[in-house]
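Peer 1: Sharing the feature lines straight out of Swiss-Prot:
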type	residues	note
DISULFID	59-75	disulfide bond
DISULFID	63-78	disulfide bond
DISULFID	69-92	disulfide bond
């Protein structure tokens, strides 16, 4: 009985060791991510067109017309704004 328990413990240890070795060798833990703190408005608009995840229609989301701001939100007006560099862009806003 004691021999079976020790064999079972060794088998579990071996499986855990093999799994952690394979995961480490696959390079998942070595993945590097580069992020920007302030994304320029042009890239934000591109993100909005390519990845439309805004189902609820949040405030300050990029838009091109009022129809882009529809959803379950109070901010249903697309308003033009200017950033600190003088570039103009449009976001969903509470007031027209």
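Quick reminder: no glycine exception, Cβ is built from N, Cα and C everywhere.
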Peer 1: Do you know which of the disulfide-bonded residues 75, 78, 92 has the most other C-beta atoms within 10 angstroms of its C-beta?
Peer 2: 92
Peer 1: Taking Cα atoms as reference points, rank the disulfide-bonded residues 69, 78, 92 by distance from residue 59 (disulfide bond) and give the first.
Peer 2: 92
Peer 1: Name the residue among the disulfide-bonded residues 59, 63, 69 whose Cβ has the smallest number of other Cβ atoms within 10 Å.
Peer 2: 59
Peer 1: List the Cα distance (Å, whole number) between residue 92 (disulfide bond) and residue 75 (disulfide bond).
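Peer 2: Between the alpha carbons of residue 92 (disulfide bond) and residue 75 (disulfide bond) there are 6 Å.
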Peer 1: If you run the three-state DSSP split on residue 78 (disulfide bond), which class comes out?
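Peer 2: SS state of residue 78 (disulfide bond) = strand.
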